[in-house]
Amino acid sequence: YPHSLQFYLEPPTESISLVEFESFAIDRLRLLKVVENLGVSYVRSTDSYKTKLENELRRLKFPHRALAEDDYEARRKDHISHFILRLAYCQSEDLRRWFLQQEMDLFRYRFSQLTDGLMQKFLEYVNLSFEAVSEDLKTELANELCASTPGLSLPKVKEQMFYKVGLADAVDLFRTRRVFVKDGFAYVPFKEIAAIVLNNYRTKLSKALALTARSLPSIQSDERLQPLLNHLSHSYVGPDYSVQKNTGKISLEQIDSLSVKSFPLCMRQLHKALRDSHHLRHGGRMQYGLFLKGIGLTLEQALEFWKREFIRGKVDADKFDKGYAYSIRHSYGKEGKRTDYTPYSCMKIIMSNPPSQGDYHGCPFRHSDPELLKQKLQSYKIPPSGITQILELVKGMHYQLACQKYFELTHEVDDIGFSLNHPNQYFTESQRLLSGGREPKKELSTSGNSQQKNNSQESMNLNSTPTSSNTTADTELEGLEAYFTED
């Protein structure tokens with residue numbers, strides 16, 4: 001690895017253990033999640049953005065110093081982990097789009113950290129060594145270069161190195177009128193070369209993802225890799241909330257008030273639908289039942305809660321005992337394979353089993369019509385400026401960040417201090433805040449894109465080690481269809 005930065009054109013050929021395979025992939029996924037959160041919370045060129053991203057690169061042991069002599073292992077990890085996630089995230093258009101955007105932002109930051117000399121070496125390394133404009137030609141075109149290149153005065157034009165770049169490579173600069181064009185070439189100052197490199201990288205990575213997707217059938221036949229890759233593309237890397245220290249401390253009478261104060265929108269929606277119709281269909285029962293288990297309901301409480309609600313509808317006590325009680329015990333690991341199922345993470349809710357007509361499960365930010373979502377937020381007394389911010393995040397497909405904004409608005413804080421990745425995490429943090437564990441602050445930000453918010457989202461629960469669910473999740477899912485089997 002002659003450079004700390006690369007276009008990832010050649011896949012790794014060495015053999016690695018499955019443990020290292022999973023470890024590398026999870027660390028890179030954590031890094032890309034941080035890149036996503038910082039990109040929404042901070043302006044990319046600011047010192048805050050750069051400092052936080054560099055700290056994360058250091059912490060996860062990815063290359064952060066260009067051409068350092070002692071970072072072979074970091075470069076190896078960077079190379080291998082990129083290709084692992086490329087396999088995991090080529091499986092659908094949404095996954096490819098997300099992966100491409102985060103990798104682009106990561107590359108943009110790392111390229112910006114190169115010195116002029118290292119930048120030139122990197123361009124040669126990736127065969128983008130454009131023809132330098134001679135001093136004589138630069139002097140001849142000085143006035144045109146000055147007039148056509150924003151931010152460059154005549155003296156600066158004479159100091160700056162310029163390159164002749166084909167229009168196809170400089171299309172972004174040409175479209176935004178940031179370069180001088182003559183005889184089919186753009187005259188690009190060295191400081192703008194990043195746009196050329198990024199465009200080139202985007203094109204290569206986009207094509208590579210499409211090609212990788214075509215190769216999936218051969219990967220899917222490998223029973224060792226496929227469960228891992230499927231899990232990574234829906235991956236959640238925090239605690240699994242399978243063991244709750246507050247088990248049995250929540251009474252059934254508290255659930256109504258807790259649903260308003262401390263439930264994320266997805267669970268609040270499910271609770272309201274259950275109270276209104278005294279029934280939830282299969283997907284809703286799975287999602288909500290495991291969430292309630294995660295916040296501390298015992299098996300006995302769960303049986304009582306669901307039975308009490310269902311017999312108020314069209315299900316009599318005998319039918320409940322025969323059709324539903326077994327499934328509830330199954331979800332608590334008391335029947336069947338005795339698997340103790342874990343509550344769903346945000347990624348699982350967002351990426352799998354979308355709701356259809358008559359369903360109430362799923363993520364409201366991902367699966368609701370924006371107008372209906374707006375009406376729901378209005379009915380929950382979210383202020384207009386907050387609704388605008390949430391809908392902007394939804395439009396940008398930042399569904400978890402939209403939920404995070406919902407948390408801030410309903411709890412009147414302007415910095416929640418964590419990155420939201422799990423409905424049970426939402427509940428836990430809400431209860432901590434409401435019980436005095438954190439100091440509430442009045443919402444200050446009114447900007448639509450929340451770029452000014454000094455958010456510490458990069459924390460992301462990354463100190464948590466990956467749980468064993470990483471390797472057992474797919475085995476567990478085989479039995480989940482038995483949970484609440486009847487509609």
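Glycine is no exception: its Cβ is also placed from the backbone N, Cα and C atoms.
Here is what TrEMBL records for this protein:
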{"type": "DOMAIN", "residues": "257-427", "note": "domain 'DNA primase large subunit C-terminal'"}
{"type": "BINDING", "residues": "Cys266, Cys346, Cys363, Cys403", "note": "[4Fe-4S] cluster binding site"}
{"type": "REGION", "residues": "433-487", "note": "region 'Disordered'"}
{"type": "COMPBIAS", "residues": "445-458", "note": "compositional bias 'Polar residues'"}
{"type": "COMPBIAS", "residues": "459-472", "note": "compositional bias 'Low complexity'"}
{"type": "COMPBIAS", "residues": "475-487", "note": "compositional bias 'Acidic residues'"}
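Neighbour counts of Cβ atoms within 10 Å were taken for the binding-site residues Cys266, Cys363; the minimum is at Cys363. Around the Cβ of Cys346 ([4Fe-4S] cluster binding site), 24 further Cβ atoms fall within 10 Å across all displayed protein chains. Using the Cβ center of Cys266, Cys346, Cys363, Cys403 for [4Fe-4S] cluster, the list of other same-chain residues with Cβ within 8 Å runs, in sequence order, Pro264, Leu265, Ile349, Ile350, Pro364, Phe365, Arg366, Tyr399, Gln400, Pro423. Confidence over the domain 'DNA primase large subunit C-terminal' (257-427), given as mean pLDDT on the 0 to 100 scale, stands at 91.
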